[in-house]
Amino acid sequence: MSSVATRGPAVRVRAPGKVNLSLHVGSPGPDGYHPLITVFQAVSLYEDVTVTAADELTLSVTGHGAELVPLDGTNLALRAAHALAERAGVDRGADIEIVKGVPVAGGMAGGSADAAATLVALDALWGTGLTRDELTDLAAGLGSDVPFALHGHTAVGTGRGTALTPAMVRGEFHWAFALRAEGLSTPDVFRRFDERAGGLAHELDVETDTDVMAALRAGDPARLGQALSNDLQDAAVDLAPDLAGTLDAATSAGALGVVVSGSGPTVAALARSHQHALAIAAAMTAEDACEQAVCASGPVAGARIVP
Ligand code: ATP
């Protein structure tokens with residue numbers, strides 16, 4: 001008689017990375033956190049998370065940049081699993097398998113997408129039956145970008161970025177993303193932002209968001225390109241000076257607008273069409289302006305079970 005190894009039931013969830021169309025950063029409050037006003041857009045670079053019933057919690061990571069991802073208790077997917085188990089009073093395990101499609105430490109919230117996907121997957125696997133609001137609440141405790149990875153589409157984030165209001169959007173926007181071999185640490189970028197401010201209070205300046213929202217409503221990529229902004233961009237360029245060349249190359253390649261995504265170092269170039277995005281990506285790669293360039297579109301849905 002031959003024995004066949006069987007595995008328990010499995011659930012697979014896909015969650016998107018994001019680009020910040022605008023990112024306004026205020027001076028840190030007494031708790032050390034910087035207040036934010038940002039417009040997020042979820043784009044079609046995905047993290048795939050599969051959870052399989054098991055006695056213990058285990059984690060494996062493959063895909064782009066997997067060797068850079070911690071496998072210990074600091075991994076956001078494991079933190080999400082522990083948080084859900086505690087909230088739901090569950091004493092069960094799971095094998096968590098992550099396939100990365102979002103650049104690691106790239107300012108596109110790949111780790112947050114893993115956390116959001118893990119919450120949705122384990123909620124289904126363990127039958128914890130939390131409501132969307134309860135999952136969002138757990139997500140907010142895990143990190144600034146995690147609620148948006150659950151939500152997806154396009155939304156305005158305020159506070160720490162966790163209070164979300166959906167934005168009205170017509171049509172699809174096409175992006176070329178220039179990836180950098182070495183990532184940037186988000187806390188380092190915020191520290192540099194504070195150094196640049198030199199102790200002066202930095203008010204949240206939201207004027208450009210009127211333009212971002214109007215461009216989204218109209219489905220007008222040329223207008224959106226003009227309105228892209230990021231208060232962290234100069235700090236990111238200070239820490240990774242080669243980004244100045246990447247930003248220039250994307251502009252020379254005909255992008256409608258160019259911005260560092262989140263805390264960087266990924267550079268987002270907005271295109272007229274998918275073909276145009278491919279042309280911008282090819283030009284940036286040919287000029288050695290980045291390690292690799294990938295194309296994606298948005299908005300797309302947040303963390304969802306793959307049937
Ligand atoms: P942030 O959301 O803080 O802006 P980011 O988008 O720049 O981050 P991520 O890929 O999400 O970059 O991860 C940032 C850091 O978080 C990584 O360098 C890594 O040390 C840690 N990390 C923890 N869990 C994960 C995970 N599941 N995937 C990737 N990185 C993770």
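Each residue, glycine too, has its Cβ placed from N, Cα and C.
Going by TrEMBL, these are the annotated features:
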ACT_SITE  LYS18  active site
DOMAIN    75-152  domain 'GHMP kinase N-terminal'
BINDING   PRO103, VAL104, ALA105, GLY106, GLY107, MET108, ALA109, GLY110, GLY111, SER112, ALA113  ATP binding site
ACT_SITE  ASP145  active site
DOMAIN    213-286  domain 'GHMP kinase C-terminal'
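Mapped onto three states, the DSSP output places GLY111 (ATP binding site) in helix. The CA atom of ALA105 (ATP binding site) is located 12 Å away from the CA atom of LYS18 (active site). For the pair ALA113 (ATP binding site) and LYS18 (active site), the C-alpha distance works out to 9 angstrom.
The average pLDDT computed for the domain 'GHMP kinase C-terminal' (213-286) is 96. In this view, LYS18 (active site) is surrounded by 32 other Cβ atoms within 10 Å of its Cβ, with every protein chain counted. In the shown protein chains, 32 other C-beta atoms lie within 10 A of the C-beta of ALA109 (ATP binding site).
For ligand 1, the nearby recorded positions are ALA105, ASP145; that is, of LYS18, PRO103, ALA105, ALA113, ASP145, these have a C-beta under 6 Å from one of its atoms.
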